[in-house]
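Feature annotation from Swiss-Prot assigns signal peptide to 1-24. As annotated by Swiss-Prot, domain 'WAP 1' applies to 27-74, with the evidence given as sequence analysis. Look at Swiss-Prot and you will find Cys34-Cys62, Cys41-Cys66, Cys49-Cys61, Cys55-Cys70, Cys81-Cys109, Cys88-Cys113, Cys96-Cys108, Cys102-Cys117 tagged as disulfide bond. What Swiss-Prot records for 75-121 is domain 'WAP 2', and it gives sequence analysis as the kind of evidence.
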Amino acid sequence: MRTQSLLLLGALLAVGSQLPAVFGRKKGEKSGGCPPDDGPCLLSVPDQCVEDSQCPLTRKCCYRACFRQCVPRVSVKLGSCPEDQLHCLSPMNHLCHKDSDCSGKKRCCHSACGRDCRDPARG
């Protein structure tokens, strides 16, 4: 009986430790995503955080202009953006800034010429 209890406890601990990975997040990582980082790079500014747990409430630790800081998180839709194999010859033009700018299941994805709304990649 003791052996079975220890095996059950071990299995529960193993499964519990994998839950953040199952949901695509590291332990301590808050849900949601980071807003786009379009700012100029300010190399002399030190990081204000290293991980989400250092940020208050619903803020996430995100890169902003080449350093990390606590910013309001944005909602992220399911699926990943498709790969873009093109090279842009015109100036960048952003048609969206975050997933909630896009209708239905479409995601705001980086493309060769900026961000635009696209259907998530399959697979």
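Note: Cβ is positioned from N, Cα and C throughout, glycine not excepted.
Remember, it's a predicted structure, so these values are computed and weren't measured experimentally.
Projection of Swiss-Prot feature records onto the structure.
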residue	record	DSSP (3 states)
Cys34	disulfide bond	coil
Cys41	disulfide bond	coil
Cys55	disulfide bond	coil
Cys62	disulfide bond	strand
Cys70	disulfide bond	strand
Cys96	disulfide bond	coil
Cys102	disulfide bond	coil
Cys108	disulfide bond	strand
Cys117	disulfide bond	strand
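Mean pLDDT for the domain 'WAP 1' (27-74) in the predicted structure: 87. Annotation for Cys88 (disulfide bond): spatial neighbours Ser111, Ala112, Cys113, Gly114, criterion Cβ-Cβ under 8 Å with sequence separation of six or more. The disulfide-bonded residues close to Cys34 (disulfide bond), defined as a CA atom within 10 A of its CA, are Cys61 out of Cys49, Cys61, Cys66, Cys96.
Ranking the disulfide-bonded residues Cys62, Cys70, Cys96 by Cα distance from Cys117 (disulfide bond) puts Cys96 first. Under a cutoff of 8 A between CB atoms, and with a sequence separation of 6+ in the same chain, the neighbours of Cys55 (disulfide bond) are Lys30, Cys49, Cys61, Cys70. Recorded residues Cys66 (disulfide bond) and Cys109 (disulfide bond) have their alpha carbons 20 Å apart, per Cα-Cα distance. Across the structure, Cys41 (disulfide bond) and Cys96 (disulfide bond) are spaced 21 Å apart at their Cα atoms. Taking all protein chains in view, 17 other C-beta atoms sit within 10 angstroms of the C-beta of Cys49 (disulfide bond).
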